[in-house]
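Below: the structure, in structure tokens.
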Amino acid sequence: MDEDVGLEATNYSRGDESRSEEQEKNVVRWRIVQQSTGPNPKPRHGHRAVVLKELIVIFGGGNEGMIDELHAYNTQKREWTAPQCCGDVPTPAAAFGAISLGNKIYRFGGMTEYGKYTNDLYELQSTRWEWRRLNPRVHSNGHLPCPRIGHSFVVSQKSQKAYVFGGLSNDLNDPKRNVPHYLDDLYVINLSGPQHLIWEKLNATGPGPISRESHTAVIYEKDSISRMVVYGGMNGVRLGDLWYLNLNTLHWTEIKFDDPRTGIPPMPRSLHSSVLIGDKMFVYGGWVPLLEHASTEQQTEKEWKCTSSLGCWNITEDRWVPLHLYCSDEDTIPRGRAGHCAAAVGDRMYIWSGRDGYRKAWSNQVCCRDMWLLDTILPEQPGKVQLGRAGFNSLEISWPIVQGASGYFLQIGFGDAKEQSVSPIKRATTSPRKQPSIVPPSQKETEQSPKKPQGTAPSIISTQGTTYTAPADPKPATDEGGLPQDLFEDTEKNETASPKRSNDAQSADSSTCEQKKTDESGLEEDSEKDQKPSDAGETDEMKEENGDDDLPWFDVGIIDKATINVTHYFNDRQQSLEKQLNDLIDHNAFKCVNDSVFTTEDKIPLINGQSYRFRVSAINGLGKGAWSETASCKTCVPGYPSAPSSIRITKSHEGAQLTWEPPSNTNISGKIIEYSVYLAVKNQSANSADSQLAFMRVYCGPQADCQVLQSNLGTAFVDQTNKPAIIFRIAARNEKGYGPATQVRWLQDQQKIPVRTNYPNNSGFIYQQHGGQQKRARFDHQ
């Protein structure tokens, strides 16, 4: 590892210090990214990376010639893809500038061949992977930015203005005769109006930075502060200066490092990378000068080297923060490199490829093939666990994905002290195969919902639940606990709305129940004749735990996905996962009660009609984050129908046609009397900002199909999680009452309907492309 005064290499142990102490020490940890699937991109240098939500898009650069491929790395799935681009595909280039704004990527400048530079501006629409060459104009008497390489190209997410600073141009504009010229000019272009793009040269005030190339820049915006931070670069010598450009006043300010309060700066460098995480700019790698120079005045390649050192500039405190490596062993950190790419996803920095700087193969530089990530802080607290589907001996749950999490630690407990007193925990330890007797419905359950009609399905169901499509079981169920086995196959579909709203679930439920009372009247009248079920119709309802903090917790597992079908939990024969956590993290390993290596001697099954509590914490290389809020849900009671399956939705002129298969356990639970279909709508509460989604019933009848009119679809809430989708829930009822519901997301990317977007460059609606009206809808199935 390179010596760098800005980085302290120390091996830490999680057990030696608390979370707050680690944060005070600014401990960071490198981890190599392994076990990625998909087509890996070719190693290279001079390429760029931009971030689109959880995707890192890498393109350009080269080694043995320019590379014209584009790859996207999904940080959640750990998967590479190579989208096929269309449109005005640009000529392959290196050392260009690249930014992302909303769902678009922009490329400016770069080198298309040795000595030949460009000033072309391209736009890539990532929803279609379609390139478009843009033709910006200039103000009167103005000029376009000259062709250049090694410049910085950054964008303000607030103003949607992109800034170009510095770079290197060829004065002769002749590829065969290259006369390099370092630049210090500053240009801006407003990308909010793609039909009226204008380049404008800015004349900032104050002494500005000297001309340079191969530097980095980031834009920091918070409240009224908006500034561009320029660091390092090359102008015949490596530079280590740092500058602020106030984007509101266009005034340059140099940050002097002669004040001890600014900390100890890293070594001057060029061809490094910088990313912004929170209020910190992390600087990695690049070419740095050697501490001892050769005696000759002629510069040789031995006078500088590639570094693997890190620097961290705190923008709010205006100081270099000393970082501490969690582990400094040679194989636990990336080797030095330059011309690589870096991207920040959440609180993590990713780096990929770049020039090795130490070895040469024939006339070509050796490029690194590896990807590394840097954990900079413990992961955030996850949102509450949400129920997707309840079975008789299983609970399918999920929670919002935490960016920067390598895995999740899930624990389960009994619902309250009364249920704990009748639980078989102690007996199951000595006789794990012995099934406890089923506890009959208690009077407590009746007291909890005295006004709920008998057998009535709840009119409002939390939309934070898991989303899936459940195909029909090809074989008749032999017991009432059978569930489809192909659920939860894709963690991308588990992302849910903001967990901060989940605290209002109960209040939203009660308020919306009053609004939808008329819609439920038919069900209420029929339900009066039914026997009161033991909360079988309430298995989708999630409740926040306010007490029972002293009840024990049991391990379900350390898993890599934000979803799981819980059927068992570990008994106390197994060592606590908390004690195994360090070793599992160090080896990037997972351990779950569902693993085939564990037998009935190691685990305890869930029982029907039982209320369980859940909590989850996110894990990364630095350890375990805070536990989520506790949530509880209940397994089904025997005798009620299971959830409908094989849901199919097709578009029609009148609206949407839904069909489904009856519950798989009808041979046991008996004849299905009716089905209810619910549509997710926005809850119209007084405080709309904090309101929960509500489910409005749009069908109640005996047939396993229904038509949802366009007038109802017009009131639907379009969920923007991952992909625009409309959410339905379908439940079946027998003589005892309603069983659990199946939730399905009807993807809208084939429909031409208005979809609300969160992209900053589109304040209204975007319209999805219209596909065949009778095509089968694609589902986010788990």
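Backbone N, Cα and C define each Cβ position, glycine as well.
Look at Swiss-Prot and you will find 1-25 (among others) tagged as region 'Disordered'.
Taken from Swiss-Prot, the feature repeat 'Kelch 1' covers 55-103, and the record attributes it to sequence analysis.
What Swiss-Prot lists as repeat 'Kelch 2' is 105-151.
Residues annotated as repeat 'Kelch 3' in Swiss-Prot: 161-222.
Using a Cβ-Cβ cut-off under 8 Å and counting only residues 6 or more beyond its ends in the same chain, the repeat 'Kelch 4' (227-271) has close neighbours at 4-7, 150, 152, 154, 156, 159, 161, 163, 165-166, 182, 186, 202-221, 281, 283, 285-289, 304, 307, 309-311, 313, 315, 318-322, 338-339. Residues annotated as repeat 'Kelch 4' in Swiss-Prot: 227-271.
As annotated by Swiss-Prot, repeat 'Kelch 5' applies to 280-324, with the evidence given as sequence analysis.
Taken from Swiss-Prot, the feature region 'Disordered' covers 423-553 (among others).
Feature annotation from Swiss-Prot assigns compositional bias 'Polar residues' to 423-434 (among others).
According to Swiss-Prot, the feature phosphoserine maps to Ser423 (among others).
Feature annotation from Swiss-Prot assigns phosphoserine to Ser431 (among others).
What Swiss-Prot lists as phosphoserine is Ser449 (among others), and the listing cites experimental evidence.
Residues or ranges marked as compositional bias 'Polar residues' in Swiss-Prot: 456-469 (among others).
Annotation source Swiss-Prot lists compositional bias 'Polar residues' at 496-513 (among others).
Here Swiss-Prot flags Ser498 (among others) as phosphoserine, drawing on experimental evidence.
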* To do: Would you mind splitting the repeat 'Kelch 3' (161-222) into helix, strand and coil residue counts from DSSP?
  => 0 helix, 37 strand, 25 coil
* **Secondary structure composition of the repeat 'Kelch 1' (55-103) [DSSP: H/G/I, E/B, coil]** => 0 helix, 25 strand, 24 coil
* How many helix, strand and coil residues does the repeat 'Kelch 4' (227-271) contain under DSSP? -> 3 helix, 22 strand, 20 coil
